[in-house]
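Noted in TrEMBL for the protein shown:
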type: DOMAIN; residues: 55-308; note: domain 'Orn/DAP/Arg decarboxylase 2 N-terminal'
type: MOD_RES; residues: Lys78; note: N6-(pyridoxal phosphate)lysine
type: BINDING; residues: Gly259, Glu301, Pro302, Gly303, Arg304, Tyr401; note: pyridoxal 5'-phosphate binding site
type: BINDING; residues: Arg304, Arg340, Tyr344, Glu372, Tyr401; note: substrate binding site
type: ACT_SITE; residues: Cys371; note: active site, proton donor
Amino acid sequence: MTTVHEPTTPTTAAGLSVWPASTTEPVRGDLAVGGVPLAEIAERFGTPVYVLDESEVRGRCRTYRDAFPDAEVLYAAKAFLCRAMVHWTAEEGLGLDVCSAGELELAVTSGFPPDRIVLHGNAKSPHDLDTALRLGVGRIVIDSPSEIARLAAAVGPDGRQKVMVRVVPGISAGGHKNIRTGTDDQKFGLSIADGYAQHAIARILDQPQLELTGLHCHLGSQITSVKPYLAAVRRMVGLMTRLHEQHGLVLPELDLGGGHGIAYRPGEQALDVMALARKVRTELADACATAGLPVPRLIIEPGRAIVGPAGIALYRVLTVKHTGDHVFVAVDGGMSDNPRPALYGAGYAPRLIGRRSTVDRARVTVVGRHCEAGDVLATDAELPADVRSGDLLAVPVAGAYHLSMASGYNLVGRPPVAAVRDGFARLLVRRESLTDIRNRDVGL
Ligand SMILES: *Cc1c(COP(=O)(O)O)cnc(C)c1O
């Protein structure tokens, strides 16, 4: 075992940099979020459990509204969605970006105004499109040529639907190759380079049922630099200029997608949202002035950056195993509630909570309980060397792409979500039970 000669000292601000702003250490070795001790949440709701700090979510929505006062900010629902989240984003003045009939219908039936919703998807099913038209979704983002005639027919001769076109600007950005979507040769969007985007736009303009409001691009996810967004602005305004020359078209909107990166571990870099806002605004104004085009209304679609840092996953340690040089700390969750390490090699910094340890820290691998060797939650985690079965571990930055990507593997049931605010915890989503699983199992 590698021992890190740093005893567990009182937590510094730097040590809590990736935790919600409300995080405190009321008793040494314990942490409270939203005024509620995490150990208490683990006791009350069981483990594994996701904790969501409502004020942190709302605060992040406000940060975006303040940074982009003239833009439309859409929360990307695929990062995390439940009815409470729908209410919070609506109340904070954000719109919603959805990519399925399920996300769309949950939002609208929870009271979200459909005209503030945008539907995406590289392969929308007939059910997705029918639901979008039935519920009156604000805009549909066209992602392939075949969608144009299909959508126009579904709208019908007397209807009219606002649409955007997803363009591939040919820019490589993002934290891992599986989440880079701004380059050619991946499944999303229509390329400028090969002319597919221009061709699709000409066809949309021929459909009286479709009203093209703007271009859309989404470069990828977990992008921590402003530069790719500025490059995207230039490419998109370049295309808008050509469309203006060819068709006399002036598009009122420009959607730059999401992908804003966050820090998962102390010391990691996050995208500076204020700098992004300032520089994108300037770049867009300059590019439009040069082209002689009016400045379109900007749309952005952050998902991870709204909800990721507001969530924490709590686990209980089941076993600690010493194998050669390695220490494996196995918890009662894993790849079924957080597939990100297995999918992208994502790194996390778990922390012991609920008791104080004064021994040196050791480097360990935190693994899950699932039947895969790749079921790892954190390699190179630093935990007190006396970590043992029954301990509680808290993993910060677990609000995005955890529950929304959770699976039914090994029939352990997906964890509940508890919200904290002003010293109170309440259940938002209950734990998936064997009864839930059995109820779907209808054949013999
Ligand atoms: C996933 C996605 C987003 C949100 O991405 P984040 O990395 O969570 O900000 C926004 N727009 C589109 C089209 C997406 O596919």
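Any Cβ shown, glycine's included, is placed from N, Cα and C.
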Helix, strand or coil at Pro302 (pyridoxal 5'-phosphate binding site) [DSSP, three-state]: coil
Spatial neighbours, same chain, of Glu372 (substrate binding site) - Cβ under 8 Å, 6+ residues apart: Met335, Ala342
Those binding-site residues in Glu301, Gly303, Arg340 whose CB falls under 6 A of ligand 1, listed in sequence order: Glu301, Gly303
Same-chain residues at least 6 apart in sequence whose Cβ lies under 8 Å from Lys78 (N6-(pyridoxal phosphate)lysine): Asp97, Val98, Cys99, Glu103, Gly303, Tyr401, Ser404
Which of Gly259, Pro302, Gly303, the listed binding-site residues, has fewest other Cβ atoms within 10 Å: Gly303
Gly259 (pyridoxal 5'-phosphate binding site) and Tyr344 (substrate binding site), distance between Cα atoms, whole Å: 15
Number of other Cβ atoms within 10 Å of the Cβ of Tyr344 (substrate binding site) across all protein chains: 17
Least Cβ-crowded entry, counting other Cβ within 10 Å, from the binding-site residues listed as Arg304, Arg340: Arg340
Cα distance (Å, whole number) from Arg340 (substrate binding site) to Gly259 (pyridoxal 5'-phosphate binding site): 15
Per DSSP, three-state class assigned to Arg340 (substrate binding site): helix
Cα-nearest neighbour of Arg340 (substrate binding site) within the listed recorded positions, Glu301, Arg304, Cys371: Arg304
Rounded to the nearest Å - Cα separation of Arg304 (pyridoxal 5'-phosphate binding site) and Cys371 (active site, proton donor): 28
In the chain carrying Glu301 (pyridoxal 5'-phosphate binding site), residues 6 or more apart in sequence that have Cβ under 8 angstroms from it: Val73, Leu74, Tyr75, Ala76, Asp97, Val118, His218, Asp255, Leu256, Gly257, Gly258
